[in-house]
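**Q** This is the structure, below, for whatever I ask next.
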Amino acid sequence: DCDYTCGSHCYSASAVSDAQSAGYQLYSAGQSVGRSRYPHQYRNYEGFNFPVSGNYYEWPILSSGSTYNGGSPGADRVVFNNNDELAGLITHTGASGNGFVACG
């Protein structure tokens, strides 16, 4: 079930919800994992028009279906706010430099 498409990766709403839950759990505990210390603040330099406001945080969502645990984050991210509301999915796939584009 393809609720979101990031490049060639397909994600169901439940996979997105699971990833968001894992990321928010660490955020609310003040913890992070990996070299880039996820979840970390996402400043929305790209100017995406997210359906929720707030301070945004990015967390890797893995096409393998596994929960991110500190290894390679891949290209795809779940973005949530400090109230645990989903802002959307973004990806480095198809973006220039270190930028992001919205997932479909």
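From the backbone N, Cα and C atoms, a Cβ is placed for every residue, glycine too.
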**Q** What is the disulfide partner of Cys10 among Cys2, Cys103, as given in Swiss-Prot?
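**A** Between Cys10 and the options Cys2, Cys103, Swiss-Prot records the bond with Cys2.
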**Q** Whole-number Å only: compute the distance from the Cα of His92 (active site, proton donor) to the Cα of Cys6 (disulfide bond).
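**A** A Cα-Cα distance of 9 Å.
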**Q** Taking the disulfide-bonded residues one at a time (Cys2, Cys103), which has its Cβ surrounded by the most other Cβ atoms within 10 Å?
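**A** That would be Cys103, with the most Cβ atoms nearby.
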